[in-house]
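Report on the following structure.
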Amino acid sequence: MAEASRWHRGGASKHKLHYRKEVEITTTLQELLLYFIFLINLCILTFGMVNPHMYYLNKVMSSLFLDTSVPGEERTNFKSIRSITDFWKFMEGPLLEGLYWDSWYNNQQLYNLKNSSRIYYENILLGVPRVRQLKVRNNTCKVYSSFQSLMSECYGKYTSANEDLSNFGLQINTEWRYSTSNTNSPWHWGFLGVYRNGGYIFTLSKSKSETKNKFIDLRLNSWITRGTRVIFIDFSLYNANVNLFCIIRLVAEFPATGGILTSWQFYSVKLLRYVSYYDYFIASCEITFCIFLFVFTTQEVKKIKEFKSAYFKSIWNWLELLLLLLCFVAVSFNTYYNVQIFLLLGQLLKSTEKYSDFYFLACWHIYYNNIIAITIFFAWIKIFKFISFNKTMSQLSSTLSRCVKDIVGFAIMFFIIFFAYAQLGFLVFGSQVDDFSTFQNSIFAQFRIVLGDFNFAGIQQANPILGPIYFITFIFFVFFVLLNMFLAIINDTYSEVKADYSIGRRLDFELGKMIKQSYKNVLEKFRLKKAQKDEDKKTKGSGDLAEQARREGFDENEIQNAEQMKKWKERLEKKYYSMEIQDDYQPVTQEEFRELFLYAVELEKELHYINLKLNQVVRKVSAL
């Protein structure tokens, strides 16, 4: 009676364990399905914001304003500007020709211009372009006493403290008088510094001839001086065919060393967001995204209340919190961006005779694009949380999680050597090789060396002795030693994980079986596959397996051997538990596992001894 009671309690606990497994697997499946719907919605939302026409519009505009030069003078396009003379040639030539389109290719007057230029006949110039200059004061640096007789003036690099705020030159109009900023546009991060808004501003005219005369007047009156550090050329376009705005900024920086460094920004953005039916579909996806965000936030709050400090011990929970934070930032950016469009767009489009500052809206559009791109990246990374139902993927994810400590230790050693070589390259080659001109460039150059994309001739020419030594030792220690050490860590951990997985079944793999079973049930429900019960009935109805085998042509010896093997299998299954037919299993302790391992070793020794004896017997029999 006591044994029956004990058996009943064991069966009940076993049934509860099985039920708990099923509940856990079902919950995981529900979370997986819900998350896939969220991920699909997020992908539609993000890819719906990107239009292939954005790239083509940027390409067309960059070709017009960066690559076009005056016929016969190659150094008059914007990319090749190296001096003040080249800059004025560009302003009076390619820039004017690119901004003012008032006739067709056959010199006929464009119709319905309404006092606006149409670049490439399709892109309306919004308002008028603006040219803005920032300067530094004299005596912002010191001249060494031995050279003061040769040079009394000194203009340092640009900083907000060194900026010149005084009027100069003719001291009339805004191009000669300093104007403070009245916009919320972010400061510009250039090659040589961070430039704030404001400065000496010149607004172009609607007339091409007036603008050209003004450029000539500025050049003759030396608008660009030794204190000039940067000039911005800003203007905006709108293409109604693809509903895109193109905000363009051309930047010419004047370093203290002399010469000119050019850079540019082309932002094709969709400021009129809800126009077509597809746009409203994207809006519905945005609303759905907010609903998902509310649901996921509620779930995580409940988990934190339930598990408290234990919640923060899982790396997946930290990823969940990071993803929620990014989603909230994306929603706040999108809300602020849409509010600013609603408040500013109408005013900007009305001011046709003034410069329309769309740069502020373009920057916020880029910020939102960046944050939503980072969000969808981590959303895809979270997929690894749900792939444990597949044995191979579970082994890979377990390998990465188990070798984290080893990789961190390896990374410390790797980056010590890596940064040491980066400093060596910067100090030895920095003044002569562009790839090592800054410490950041040195780091990226070394990554390129690892990938095999590097100009060895440059460092060899800069330093014929240290150049080859630097290159060979870097390749040896980083490429041959450290990277192979990294692969060894991964391989060793993967072997350990694979051995652990071969010992016993994991609960995670039950999820895969449940998915397969659900798939089979769906096929059977729609009659795309015969039910397993029907197949069993059909097999039983045809008679005994032996009779069926005789009908199929098997001889009696094969049938008897098969029946004997079946009896042996049934006897073994009664005596020993089989992992294939067990519904549940009790966890094995470390002590039990050690005893089982030692027992397996002893069995292996006995098998080896028996094998030797058997070989001896075979040799004796063969010798007779």
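Every residue, even glycine, has its Cβ placed from backbone N, Cα and C.
Annotated topological domain 'Cytoplasmic' per Swiss-Prot: 1-31 (among others), in sequence order.
Here Swiss-Prot flags 32-52 (among others) as transmembrane segment. Below 8 angstroms of C-beta separation, residues 242, 244, 268, 270, 278, 281-282, 285-286, 288-289, 292, 295-296, 369, 372-373, 375-376, 379-380, 382-383, 386 of the same chain, each at least six residues beyond the ends of the transmembrane segment (32-52), sit close to that stretch.
Per Swiss-Prot, the feature topological domain 'Extracellular' maps to 53-276 (among others). Along the topological domain 'Extracellular' (53-276), the predicted structure has mean pLDDT 88.
Annotated N-linked glycosylation site per Swiss-Prot: Asn115 (among others), in sequence order, evidence recorded as sequence analysis.
As annotated by Swiss-Prot, N-linked glycosylation site applies to Asn138 (among others), with the evidence given as sequence analysis. Within its own chain, Asn138 (N-linked glycosylation site) has Glu153, Cys154, Tyr155, Gly227 as residues 6 or more apart in sequence whose C-beta sits under 8 angstroms from its own.
Taken from Swiss-Prot, the feature transmembrane segment applies to 277-297 (among others).
Feature annotation from Swiss-Prot assigns topological domain 'Cytoplasmic' to 298-314 (among others); the stated evidence is sequence analysis. Remote same-chain partners of the topological domain 'Cytoplasmic' (298-314), defined as residues 6 or more beyond its termini with a Cβ less than 8 Å from a stretch Cβ, comprise 320-321, 324.
For the transmembrane segment (315-335), the residues of the chain that approach it from at least six positions outside its boundaries are 286, 289-290, 293, 296-297, 300, 303, 364, 367-368, 371-372, 374-375, 378-379, 381-382, 385, 401, judged by C-beta separation under 8 angstroms. If you look up Swiss-Prot, you'll see 315-335 (among others) marked as transmembrane segment, on the strength of sequence analysis.
Residues or ranges marked as topological domain 'Extracellular' in Swiss-Prot (evidence: sequence analysis): 336-360 (among others).
According to Swiss-Prot, the transmembrane segment annotation covers 361-381 (among others).
Residues annotated as topological domain 'Cytoplasmic' in Swiss-Prot: 382-406 (among others).
Swiss-Prot lists 407-427 (among others) with the feature transmembrane segment.
Within its own chain, the topological domain 'Extracellular' (428-469) has Cβ neighbours under 8 Å at 418-419, 421-422, 475, 478-479, 483, counting only residues six or more beyond its boundaries. The topological domain 'Extracellular' feature in Swiss-Prot is assigned to 428-469 (among others).
Same-chain residues lying 6 or more positions outside the transmembrane segment (470-490) and placing a CB less than 8 Å from one of its CB atoms are 399, 403, 406-407, 410, 413-414, 417-418, 421, 424-425, 428, 446, 449-450, 456, 459-460. Residues or ranges marked as transmembrane segment in Swiss-Prot: 470-490 (among others).
Residues or ranges marked as topological domain 'Cytoplasmic' by Swiss-Prot: 491-624 (among others).
The coiled coil annotation in Swiss-Prot covers 556-576 and rests on sequence analysis.
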Practice task
Report, as numbers and ranges, which residues of the same chain sit near the topological domain 'Extracellular' (336-360): CB under 8 Å and 6 or more residues beyond its ends.
Solution key: 115-116, 126-130, 183-186, 203, 206, 234-236, 245, 247, 249, 271-273, 367-368
Completion exercise
Secondary structure of the topological domain 'Extracellular' (428-469) by DSSP, residue by residue, totals 29 helix, 0 strand, 13 coil
Practice task
Over the span of the topological domain 'Extracellular' (336-360), count residues by DSSP class, listing helix, strand and coil in order.
Solution key: 17 helix, 0 strand, 8 coil
